[in-house]
Amino acid sequence: MEVTFFGTSAGLPTKERNTQSIALNLEPYSNSIWLFDVGEGTQHQILRHSIKLGKIDHIFITHMHGDHIFGLPGLLTSRSFQGGENKPLTIIGPKGIQNYIETSLQLSESHLNYPITYIEINQQLAYHHNGFTVQAEMLNHGIPSFGYRIEAPIMPGTINVEALRGIGLEPGPKYQEVKLQETFEYKGLIYNSDDFKGKAKPGPIISIFGDTKPCENEYELAKNSDLMIHEATYIEGDKKLANNYHHSHIDDVFNLIKQANVNKSLITHISNRYNIDEVTSIYNELSLDQTSPHFYFVKDFDTFKI
């Protein structure tokens with residue numbers, strides 16, 4: 001799996017950073033892409049990447065502020081002509097997301113050639129799809145804003161080729177049966193698949209947060225995450241000011257990383273008041289502090305393996 005950032009700015013785009021959008025590539029579990037938020041200009045950012053709109057089969061919206069949704073109507077209509085024909089799409093988000101999309105399409109007389117399933121969240125959500133579990137919880141942003149916890153399926157153990165050759169089974173289609181099933185039959189005998197592969201590995205846990213100031217639900221979403229993606233609109237200055245505007249200060253994020261035992265954290269939604277050089281300078285300063293946890297300030301088009 002890997003995650004790509006198509007927008008890392010907060011509120012407004014800058015010359016260097018677009019508004020919010022994150023793509024989660026589900027390979028090797030599937031060839032699908034899940035998109036989290038679709039700020040203005042997202043489809044233009046995607047044109048500069050190898051991701052195809054037709055591979056996006058889920059869109060998760062954290063909240064209804066414009067820097068997270070203004071790119072939706074254009075992206076949805078373009079998907080009709082870029083590999084999305086007859087490919088179902090699921091859109092999950094706060095109440096109002098369906099009305100926003102359908103009103104935009106109706107008033108612009110836009111017509112899609114694929115079906116959309118809408119799931120609107122009230123307070124929380126437990127969603128299951130192809131072995132993935134997605135948990136959504138309400139955050140604290142002044143309007144309904146959600147964080148998402150994605151738990152990937154268990155990865156089957158690696159095939160022990162030499163052990164299978166030991167019973168006369170050479171590499172071929174049968175190996176997929178060994179990998180995915182508890183038992184397999186070969187030459188009239190039934191074998192336990194676990195005897196011919198390594199231990200299964202738990203899938204990674206990824207937590208992706210919408211805009212928020214510190215709140216209790218953050219911990220539940222972030223705990224023991226292999227990767228956490230969190231906003232830090234304010235990467236310096238007065239923490240009270242950040243919280244007054246229902247946003248997080250970098251110190252808030254650091255506290256969450258430590259309390260929730262997060263392995264790796266990527267910081268996005270950095271205020272548009274900072275240019276790239278200023279972001280880099282503040283990052284370098286924070287990195288020198290021995291008490292800082294493992295973190296990184298992301299830039300547009302950054303991609304990270306999970």
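Note: Cβ is positioned from N, Cα and C throughout, glycine not excepted.
As the structure is a computational prediction, the values presented were derived from the model and not from experiment.
From the candidate list His141, His294, the residue Swiss-Prot records in the Zn(2+) 1 site shared with His63, His65, Asp211 is His141. Between the candidates His128, His129, His269, Swiss-Prot assigns the Zn(2+) 2 site shared with Asp67, His68, Asp211 to His269. Taking only the Cα positions, the spacing between His63 (Zn(2+) 1 binding site) and His269 (Zn(2+) 2 binding site) is 13 angstrom.
For Asp67 (active site, proton acceptor), the same-chain residues 6+ apart in sequence whose C-beta sits under 8 angstroms from its C-beta are Ser9, Ala10, Gly11, Leu12, Thr19, Gln20, Gly39, Glu40.
Here the Cα atom of His141 (Zn(2+) 1 binding site) is found 14 Å from that of His269 (Zn(2+) 2 binding site). Within 8 A of the CB centroid of the Zn(2+) 1 site residues His63, His65, His141, Asp211, the other residues of that chain are Thr62, Met64, His68, Leu139, Gly142, Ile143, Ser145, Gly210, Thr212, His246. The distance from the Cα of Asp211 (Zn(2+) 1 binding site) to the Cα of His269 (Zn(2+) 2 binding site) comes to 8 Å. Neighbour counts were taken at the CB atom with a 10 A radius for the binding-site residues His68, His141; the maximum falls on His68.
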